[in-house]
Amino acid sequence: MSSKLVLVLNCGSSSLKFAIIDAINGEEYLSGLAECFNLPEARIKWKMDGGKHDAELGAGAAHSEALNFIVNTILSQKPELSAQLVAIGHRIVHGGEKFTQSAIITDDVLQGIKDSVPFAPLHNPAHLIGIEEALKSFPHLADKNVAVFDTAFHQTMPEESYLYALPYKLYKENHIRRYGFHGTSHYFVSREAAKVLNKPVEELNVITCHLGNGGSVTAIRNGECVDTSMGLTPLEGLVMGTRCGDIDPAVIFHLHDALGMDVASINKLLTKESGLQGLTEVTSDCRYVEDNYETKADAKRAMDVYCHRLAKYIGSYSALMEGRLDAVIFTGGIGENAAMVRELSLKKLGLLGFDVDHERNLAARFGKGGNIAKDGTRPALVIPTNEELVIAEDAYRLTA
């Protein structure tokens, strides 16, 4: 076992994903998820040494109890894992304009994460709790905690991409602009694509589609992000599981003025009750939409709107490629597994030279990637993402 092990923590508002990864060879020694925080059914499940395990955390348990369980129950069974830890990597959703790359966590970095709380009110406070608990649980690694920001990869966007057409002082004084998210995933799959296409990263022109319960598309030119679909928050852009993505902002005024909804109710509607959930009025699960596309009107409606929006973004981002698009890339839970989403979306993009091979497309799922396009047509790559590995690599690189 290597002494290059990194504990990777991804703290959500009601969950904590964790893993222990060898930062050099990518081997995963432990992975798990603690969820349903602050509820009676709070629980934790994990994989270690080829076995799957789960346990109750106790009613009302949250981040502190989950980390205590990881340290005192899981790692106590395998003390050599704890002994080999050299760093802790934290996924941070929003780093604002301050962070263009990963950073060792100092008081200044903590303040920067706090300053971005208004733009990520569910995520950043949870990240801060995770950092605080990690410092308590692993005091010997106090100066080896690293923040890896979802927003960092998008900081290469030019002004014409990140500015909204609002009074300029709102940007200068209040930092209201496009930031973008899923940056770690877009970064990882673009680097993997460079290997597949046998091109130097700095010459790579691709459009990456991270499609999960949240989803975003990124235009990458010469290896750098030049535009992305999510905005100030992760609400803008694509149709998502429960988020609406792009809408006319005046819809909000109509909901308030004509339907009498208050701001909190409108926020809940747009973030928790829209997207696939809203269009089907049944579920946010894309598998339902795929399975019932031919037989249920709600599933067809949701899938058609979803793929229309996705194709529109890919098409518009092709205009930013300066005449050369090397490939489109699909990743994330939906991007890696939903063959129908890929096929229906790319079918709309024949003008760009995409032509899907039906059998290759069906075969690319459950961790199996590859080029799903017919020979001689523009590549469409399915590449499983590995955000945890990027976080581990960055944490090790900065602290070694």
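Positions of Cβ are set from backbone N, Cα and C atoms, glycine also.
Database features, via Swiss-Prot:
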{"type": "ACT_SITE", "residues": "ASP150", "note": "active site, proton donor/acceptor"}
{"type": "BINDING", "residues": "ASN10, GLU387", "note": "Mg(2+) binding site"}
{"type": "BINDING", "residues": "LYS17, HIS210, LEU211, GLY212, ASN213, GLY214, ASP285, CYS286, ARG287, GLY333, ILE334, GLY335, GLU336, ASN337", "note": "ATP binding site"}
{"type": "BINDING", "residues": "ARG91", "note": "substrate binding site"}
{"type": "SITE", "residues": "HIS182", "note": "site 'Transition state stabilizer'"}
{"type": "SITE", "residues": "ARG243", "note": "site 'Transition state stabilizer'"}
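Features recorded in Swiss-Prot, as mapped to the structure shown.
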{"residue": "ASN10", "record": "Mg(2+) binding site", "Cβ contacts under 8 Å, 6 or more apart": "LEU16, LYS17, PHE18, HIS90, ARG91, GLU387, GLU388, ILE391"}
{"residue": "ASP150", "record": "active site, proton donor/acceptor", "Cβ contacts under 8 Å, 6 or more apart": "ARG91, ILE92, VAL93, HIS94, GLY95, PHE181, HIS182, GLY183, THR184"}
{"residue": "LEU211", "record": "ATP binding site", "Cβ contacts under 8 Å, 6 or more apart": "LEU238, LEU310, PHE330, THR331, GLY332, GLY333, ILE334, GLY335, ALA338, VAL341"}
{"residue": "ASN213", "record": "ATP binding site", "Cβ contacts under 8 Å, 6 or more apart": "MET240, GLY241, THR242, SER284, GLY333"}
{"residue": "ASP285", "record": "ATP binding site", "Cβ contacts under 8 Å, 6 or more apart": "GLY241, LEU276"}
{"residue": "GLU336", "record": "ATP binding site", "Cβ contacts under 8 Å, 6 or more apart": "PHE330, ALA364, ARG365, GLY367, GLY369, VAL382, ILE383, PRO384, THR385"}
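Working note on the recorded positions ARG91, ARG243: by count of other C-beta atoms within 10 Å of each C-beta, ARG243 ranks first. LEU211 (ATP binding site) falls within a strand when secondary structure is assigned with DSSP. Between the C-alpha atoms of ARG243 (site 'Transition state stabilizer') and ARG287 (ATP binding site), the distance comes to 17 Å. Across LYS17, HIS210, LEU211, GLY212, ASN213, GLY214, ASP285, CYS286, ARG287, GLY333, ILE334, GLY335, GLU336, ASN337, which the record gives as binding ATP, the greatest C-alpha separation is 23 Å. The C-beta environment of ARG287 (ATP binding site), restricted to residues of the same chain at least 6 apart in sequence and closer than 8 Å, consists of ALA338. Secondary structure at ASP150 (active site, proton donor/acceptor), as computed by DSSP, is coil. Sorting the recorded positions LYS17, HIS182 by the number of other Cβ atoms within 10 Å puts HIS182 first. Counting Cβ atoms from all protein chains shown, GLU387 (Mg(2+) binding site) has 24 others lying within 10 Å of its own Cβ. Neighbour density for ILE334 (ATP binding site): within 10 A of its CB lie 27 other CB atoms from the protein chains shown.
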